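Undergrad: Right, I'll just put the structure down here and ask away after.
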Amino acid sequence: MALILCIGYSGARMLALVIITGLLAFASSKPCVTEGSNSELLLTLNRNLVRSLESPEGLPNPSVHLALRLSHHHNQAKETDHLNKLKNELHNDIQTSLSNSQSVTGTMALYSLALKSSCYDLNTISFTANDKSETLLTHLKRQMEQEKDHIAFSHRPLTNYYQYSLGVLALCVSGIRVNNHVSHKLIKAAENEHFRHGETESIDTYAMAGMALQCVKNSGSYAHNAEELDLTLNKIKQKLLASRRSDGHIGNEFSTGLAVQALLAMGSEVGDCSVSMEAMRTAARSNTYHNPMAISQTLPALQRKTYLSVKTLDCLNEDDTLVLESVDPAVVLPSETKVKVMVEVVTASGAAAAYSVDVPKGSSLLEALELLERKNVGFTFQKESSLWGPFLSVVNGEQARQSDRRYWHLSSDGTALTEGVGDFKINATQKITIKNTSY
């Protein structure tokens, strides 16, 4: 996974549109499809996503809403309730960020896509900044101009290229002409392979950039250099295909959903993604995608939808058959088996401190760190929320701030984690390294 809407752990994803059939008019190649999809598996993922709406933790998730709206099956009452929460709770959070002059490109873009997926009139949504009220899309265009200008003098966006791509996509899908200079910055970043998270390439960013630039191409609005745009789209496609592992996943289990969406949007051949589709099904059956954010990026791909599909949704004669059966809450008793976790904290200066703690087998990393903190051995931490769940913001009093282009990189026995502190499970003795890292 890649750096997304907030930086918290290695490959954090915190934080996608013409429908595929419409795209066929633009693509000369056969679109990427597979046969024999497991409909019951898709229904299970769909139900799990709807159940996640009942969680009282955090803000309503626009990515979850987007996936539900792109699905074949709906629970209209639940989706309507979630839409109202987005328009209140998430809207107010974005307004607070704008009032504090904070960059909210990614969140604002996802909010736009979520509203669009419900066929909501975006011109009726407004925010106030500097005592002036303007529409959501006007604010998003301004955010993108600020991002573009920041690239011009610092060679990187205010946020990151994932959020930048998401902003281009949201404007394009909403029928707003994207400034040629804004699109060109994204093209050049892809050409020069600037989509990185630390030392590794960000597959999520390549995927989102591919969908954004495909939308720009489909709109016919890019007048700068059509050949350069085509070459960049082809490069992104080849980059995604070259990142496919032997098991079919592209990048890792959590970046495959967006990567397949991008391949679908760019009209790939059948063989380009059928193996990856099956890899996602296998991962879903083993409950790899238990995080709602992960499901929200995977489910559309498994249903052969992409964020480009939002552009042609009409919200008419929709299914309303997705019923949730009552489920008794699972009671998970702590394991009597204990495993030792060694924790190493490496500060920005390179100074290191080591600790150890015994935790019940199956504990999350977050639970392990909480147990370690309660030992009063000098280890402390603070966490913040993101669309992917909690992430570390302060460790032993030292911050790793996005504004400073730093984050807490997490690894287990030298291998970077692909899940966050709330999702990664401790099932054996291991060494966890928490390192203040620049990107």
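Placed from the backbone N, Cα and C atoms, the Cβ positions cover glycine too.
Heads up, here are the entries from TrEMBL:
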type	residues	note
DISULFID	C32-C273	disulfide bond
BINDING	T159, N160, Y161, Y162, Q163, D204, N252, Q297, W408, H409, L410, L417, Y439	cyanocob(III)alamin binding site
DISULFID	C172-C215	disulfide bond
DOMAIN	362-437	domain 'Transcobalamin-like C-terminal'
Undergrad: When the Cα of T159 (cyanocob(III)alamin binding site) is compared with the Cα of each of the disulfide-bonded residues C172, C215, C273, which one is closest?
TA: C172
Undergrad: Can you tell me how far the Cα of W408 (cyanocob(III)alamin binding site) sits from the Cα of C172 (disulfide bond), in Å?
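TA: Per the Cα atoms, W408 (cyanocob(III)alamin binding site) and C172 (disulfide bond) stand 33 Å apart.
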Undergrad: In this structure, which of the binding-site residues T159, Q163, N252 has the fewest other Cβ atoms within 10 Å of its Cβ?
TA: N252
Undergrad: By CA-CA distance, flag whichever of Q163, N252, C273, L410 among the recorded positions is nearest to C215 (disulfide bond).
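TA: Checked the recorded positions Q163, N252, C273, L410; minimum Cα distance to C215 (disulfide bond) goes to Q163.
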Undergrad: Please count the residues of the domain 'Transcobalamin-like C-terminal' (362-437) that DSSP assigns to helix (H, G, I), strand (E, B) and coil.
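TA: Grouping H, G, I as helix and E, B as strand yields 13 helix, 32 strand, 31 coil.
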Undergrad: For the recorded positions C273, L410, work out the Cβ neighbour count at 10 Å and name the residue with the minimum.
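TA: Checked C273, L410; of these recorded positions, fewest Cβ neighbours within 10 Å: L410.
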Undergrad: Any idea which of the binding-site residues Y161, W408, Y439 has the thinnest Cβ neighbourhood at 10 Å?
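TA: Selected from the binding-site residues Y161, W408, Y439 on minimum Cβ neighbours within 10 Å: Y439.
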Undergrad: Rounding to the nearest whole angstrom, report the longest C-alpha distance spanning T159, N160, Y161, Y162, Q163, D204, N252, Q297, W408, H409, L410, L417, Y439, listed for cyanocob(III)alamin.
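TA: It comes out at 24 Å between the most distant Cα atoms.
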Undergrad: Can you tell me the mean pLDDT for the domain 'Transcobalamin-like C-terminal' (362-437)?
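TA: Taking every residue of the domain 'Transcobalamin-like C-terminal' (362-437) together, the mean pLDDT is 92.
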Undergrad: Could you round the CA separation between C172 (disulfide bond) and N252 (cyanocob(III)alamin binding site) to a whole angstrom and send it over?
TA: 28
Undergrad: CB neighbours of C172 (disulfide bond) within 10 A?
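TA: C172 (disulfide bond) is surrounded by 27 other Cβ atoms within 10 Å.
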